[in-house]
Structure formats: structure tokens, C-alpha cells
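> What TrEMBL records for this protein is below:
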type: TRANSMEM; residues: 12-30; note: transmembrane segment
type: TRANSMEM; residues: 42-66; note: transmembrane segment
type: TRANSMEM; residues: 87-120; note: transmembrane segment
type: TRANSMEM; residues: 140-162; note: transmembrane segment
type: TRANSMEM; residues: 174-194; note: transmembrane segment
type: TRANSMEM; residues: 214-238; note: transmembrane segment
type: TRANSMEM; residues: 250-274; note: transmembrane segment
type: TRANSMEM; residues: 310-331; note: transmembrane segment
type: TRANSMEM; residues: 351-372; note: transmembrane segment
type: TRANSMEM; residues: 384-401; note: transmembrane segment
type: TRANSMEM; residues: 429-447; note: transmembrane segment
Ligand code: PFF
């Protein structure tokens, strides 16, 4: 299947870091801890972990396997596993490409804000207070500029292709992220008030458990592992045949949940440290302030109370957010770029500018109509497009793709697979259990 000159990740570690880079992003570091904080802490953590392993992990294997088998862009890969259903394959590939472009269009706006909060304190440290205030305030021009800068960074990395762009930057940036993160957790846990947050995150209070919580935890697991919108499929297509897919997917899932867990160890204690320092984290009604308010007001307020170290910790935190966002956004942009450049046989260096430009244009539309579009695009892409395409991919892998081809593909890099427990369970699991579980995610809210 593979054309011999197709780009590949140059090492297994490079692939794992790139795929983990896609998975680890704003969703883990901010989305997960704030969801955990507002959904009972430890109970959300446990439900999320269960969802990752019973639902997201098996699907991650499916997406990666389809991608590696096809060794092409997602449209072609899907057609190659379902040759009698060309229309279905193309439709799912195109839907994934549009879905992931939609995700990138809001992601770039949010990542731009983080970029503003990274540069802002540095500018004010050098006396440029009004420029800093502009970057940290909410305005159309500021949103456009910051989104544009972030999209430009994404385009520049993706333009250089797989080994030289995506892999090089993911391998450099991911370890920096881990180190920065651990240092910040250590610092925060030593502050007064931190233990209260730690207790909330680690000691379960079952009274918080509800069906809604399960739905949120499932959604978070999907978003966090970048499932359903062909990102993992396109990365899988660049993966070498000697990699053991179930093992690689498990490593990626573990890294992703590991980072979400550490983010919880950072953010929940940090909230209570901030509260001890007089910062409001709960609204009058007793509910936690929402995610945006927390990250862009509570955390900088906490950094301020740290004296001169605060500037460094604050810059480190926002640098970390931008790094995490960038390794995710490059994986998103890769999907439409691979599809369009390969399907239309166009030079990737040209296509990347056109696609990046088109997505930036759509982001601008969202910025101009922020109130009506921002929340809608997030909800449509993450709550509907990701689960629906996820179900369809599970159905394709489980029902349409020939079982002997699946076995053969999974056996590359894992010759004993045919006799393993994984192979005894996984095919039926993605065929039956995953679609049922995912249908629940999708339909549950409709029956409330
Ligand atoms: N997994 C990323 C995060 O947690 O921030 C978001 C994401 C990346 C979603 C890539 C979808 C995607 F295709």
C-alpha cells in the first residue's frame, strides 16, 4: 500500500512525542482541571480515566491502524479499508478534515489569548504597560492579531513536513513542557492552601457522581486524545511498520492522561492558593468561576502574589500553554494539508498557506461574531462531530474492514498479536461495545 517515498517519522520516540503532542493541549492542561474542579474533583478524575481506557484507547488503536494501513491521507486511507464503500470513505475523510479545521479555528483564538498573556507581563516588566494591557484585554483587533500570530507559527511548522517540521518540533517542545510542568507543580504544592485543592482532586466524594458527569468525562476523553477527526489517522500514516500499534497507542494515552493528571495536581491546588491570597474563585452562587475567567484572572492574580518569582512562574505557565497548543494545532493543520496536497497533487508548501489562510479567515469570522459563533463552533465540533465520526470509524474498522487485513496490519511490529488477549477482545469491542458507548455519549443529553 505504502508508496516508497512517503514521509515517515524517523524514530518511534519521535512518533510517540508527536502523537502525544497532538493529544496534550489546552484540553488537558486547562479543560481537564477546570472540568474536574467543577465536577467534584476526584470523581471526575476517576470517571475520566475509565472513559479513556474503555472507550478512547480502543478507538485510538482503530484510527492509528487505519492510517498506517492506508499510508496515505485520511480520505485515501478510509477508502483503502472500505474499497466497496468509496463514497462512505471519502465522506468520512472530508467530514474529518472539515471538523478538524473547525476545531483549529477556535483553538487558534484561545491559543492566541495565551500568547497574549505570555508576552503581556514581559512587556510590562519593561515598562510597556499600555501594550501589555492591550494584549491582555478583550478586543477584536487584539484577538485577530494574536490568532494570526498563532496560525502563522502553526503554518511555519507544518510547511516543513513530517520529520523536519512536526517531529523535530514535537521532540523539542514536549520534554520542555514536561520539565516546566513538574517544576510548577512542586512550587505550587509548597504554597499555603495547596493541600485543600490536592484533597479535592484526590479524595473522591461519590455524591458528585451523575450521568451528566459521565457524559462530560467521555467528551473530555475524546477531545483530549484528538479522536474522530483524522488527526491520529494521518499521524498513523507516517508511522513505520515496525511499531507495535496497541503498545504505541497505550503509551500515547498514558502520556496524555499523565499530563492531564499532573495538570490537575497544578491547577486545583493553585486555585486554593489563590483563594488563600484573597482571589475569588467561586461565584456568589457557590459555583466555580468558569474556565476562561479562572485561567485569565485567577492564575495571573496568583502569580502576582508570588513577588518577583511570579513573573517567571507566570511566563513559564503561559509558555507551557502555548507550547502545548502548538503541538496540537500542527496535528490539526496536517489533516487538511495532507488531504488537499495529495488528492489534488499540489505542492504542500503552497497548500499549507492556502489552508492556514482559509482557517484564519474562518477564525476571523468567529472573532467578529464572537457571541453567536464561538460557543457554537466549539459545541458542534467537539460534542457532535468528534463523537459521530468516532462512531463511524469504529463501525468501519469493526464491520467493513476485512478481519484478516486488520490482523495483518496490527501484526506488523507485533508478530504474536494473533494469540494475544488484545486480539481476542479488541475486534468485537470496537464492533459492538464502542458504538453502543459512543451512542450513549451522543444520545444521553437528548433524553434529559
Ligand atoms: N487533544 C487536544 C487537546 O487536548 O487540547 C485537542 C485536539 C487536537 C482535538 C487535535 C482534536 C484534534 F484533532
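Any Cβ shown, glycine's included, is placed from N, Cα and C.
Unlike curated entries, TrEMBL annotations are predicted automatically.
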> Select the range from 214-238, 250-274, 384-401 that forms the most Cβ-Cβ pairs under 8 Å with the transmembrane segment (12-30).
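Selected stretch: 250-274, with the most Cβ pairs under 8 Å.
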> Between the transmembrane segment (310-331) and the stretches 140-162, 214-238, 250-274, 351-372, work out which stretch tops the count of Cβ pairs under 8 Å.
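Top-ranked stretch among 140-162, 214-238, 250-274, 351-372: 140-162.
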> Are there 3 or more C-beta pairs under 8 Å linking the transmembrane segment (140-162) with the transmembrane segment (250-274), counting only pairs at least 6 apart in sequence?
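No, the stretches stay apart by this measure.
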> Hey, would you say the transmembrane segment (42-66) packs against the transmembrane segment (140-162), going by three or more CB pairs under 8 A that are 6+ residues apart?
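Not in contact, no.
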> Please identify the stretch among 87-120, 140-162, 174-194, 351-372, 384-401 with the greatest number of Cβ pairs below 8 Å relative to the transmembrane segment (214-238).
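Ranked by Cβ pairs under 8 Å, first place goes to 384-401.
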> Which one of these stretches, 140-162, 174-194, 384-401, has the most C-beta pairs shorter than 8 Å to the transmembrane segment (87-120)?
140-162
> Same-chain Cβ contacts of the transmembrane segment (140-162) under 8 Å, 6 or more residues past its ends?
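Same-chain contacts beyond the ends: 7-9, 104, 108-109, 111-113, 115-116, 134, 168-169, 238, 322, 325-326, 329-330, 333-334, 337, 348-349, 352-353, 356, 359-360, 363-364, 367-368, 370.
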> What residues in the same chain, six or more past the boundaries of the transmembrane segment (174-194), come closer than 8 Å to it by Cβ-Cβ distance?
17, 20-21, 24, 259, 262-263, 265-266, 269-270, 272-277, 313, 316-317, 319-320, 323-324, 327
